[in-house]
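Positions annotated as domain 'DYW' by TrEMBL: 697-789. Residues or ranges marked as repeat 'PPR' by TrEMBL: 86-120, 187-221, 249-283, 350-384, 482-516.
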């Protein structure tokens, strides 16, 4: 056997043997440069019998476990060849497994050691307990603890410290505290370990008690407290600890910057970063990422450019995490060119890089660029899909939102909460109830936890699709409800005509100790206006300021003007506008104009209408309302003048548009539409509807629409309003008892409202129409709004 010994020792080598003493062994180990050399030395020790010397064997194993040229499995084979290994040898091998991140092997070896009747020593227990910590195995750790107790090693400070750390890591802080409190000798590691346990658990109060009783708090413990206070939102306490520190290291400054950034105190984060730079403290990429985040939130272009320059000077520009943060920062500024430049120059792109760039495009409204980049991604994760799906939803591309979501499911990528919220929101806007129900079923099937945001979105979807029972089921089943959840329920019930129930939920909200906000009162006042509860509305309006310290805003005043106007109290409504502490918006004046039209007050209507046209000269609805007021009083010249103004100023009336979902597909109709594939069948159904309605005594209200749909009237007639087309399609595409559910973008006109009541009776079908203001449930010739809308 050829032994690859150093040249100085080769002359004394003999075939299959060489005389090696301890001095020679140490020399040979020091000069080992390869696994082949080590293997030859190992083999020679076996042949010569030198492996049976405990000291020699321990030196060989110590070397093998501490060098990168020998694997841990090879080291274990050495242990297996030693006849009577010492405690040092067992400990060396167990420590090697811990260092190799193989804690399970450490436990196996410890059990083998006990099985062969070798007694662990005081150095064994810290190693094995550390292995239990790495495995988060408190049961095994407890058994090791009992072994240490029986052998009397539990009072050793090193054993105590590893036990404290093990119990703390496994979230058994009561056990960790008991060992800490019973320790006769505590060193800095003991204090740091117990404090780290409470910091990791987020227990601020206990951590403070430990910190305040420490003999000498060091930099490590102070830094830990800054981190804990930052995570807990106790910025003032973090500042106090930071300012009281005599010596600060890089981690101290970094923790303080992160504390400010986490708590959205971005200006303070930049300030302390400046001080850190002045003090000459070294920077790292984590600090830079926090600072770039602060610049992004503050939209401070100058400071962001300075930080970017500093990153380049420090040589960090190639760090992918910093590149991603820079892409996000420039996209937040709207400087998509700068973001593209960084993305294009990057040599090391990860998924975050692509996602950051896609998000940047979407933030700047560049949907097609985002989609192009998304399609080119080598690998898409849930963040990529979620960003694109949310982008479509935020840009009102709801059909594409649903299509992309179904494409995502084909890749077996599981959607996150953001994705689900975006898709359900799209279902809401499309009035796609069946797809919304499918989404809810998907959530239940996949055991997705319905939190406040997701639950509120489901409640809103069901309410806006007219499924009050389903909405209330979700609402009642939610473990945690936010103010937004209560608001969605209050507004939804009122919109669906359940005003009494809406106000009852408001009462329950207060009983549950949930403080209403300004949005809550928009819903409550809206409920009152749907049925004309003037006195109750006034009481709620007054309670805002006097009971809840909420200053009414323009929306609340608009609700009250609408409430008074719908009740025919036009003078009171106009007086309330005059008392508004802010400038009335066009919606408030518009509510009064609508009331003037409803109650035939042409004098006030003309005055308000003229003012509105001056305030909003391009608003089609105000021109139409004023023209109709003139027409209703026979003032055709004035009506023609208004209509002429619209033509002259190229003001186009918003076309009526109605949507209906059938078998998961949303069909859209515009007034006078003839583009649907089933147009011929729809026409035949419209003829049948007209015949049946005429026999039932229905008379078209031509006077109400003389100017309202002037363009439609030239092309067709009342029979081809968008909701009529949707109803006709619903009659030929669905069967009883399924309701015909329709979403219209405008307020349903008087004639269509009357026709829908007749259709519900003559065809025996329930018709649900959600217009711009509320739901109308038509059944047996009646409407849920009681003609009050």
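Cβ atoms are placed via backbone N, Cα and C, with glycine included.
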For the repeat 'PPR' (187-221), could you work out the same-chain residues 6 or more beyond its ends whose Cβ comes under 8 Å from its Cβ atoms?
157, 160-161, 164-165, 167-169, 171, 173, 176-177, 180, 227-229, 231-232, 234, 237, 245, 247-249, 251-252
Helix-strand-coil residue split for the domain 'DYW' (697-789), DSSP-based:
38 helix, 16 strand, 39 coil
Across the repeat 'PPR' (187-221), what does the mean pLDDT come to, as a whole number?
91
Number of helical, extended and coil residues in the repeat 'PPR' (187-221), per DSSP:
27 helix, 0 strand, 8 coil
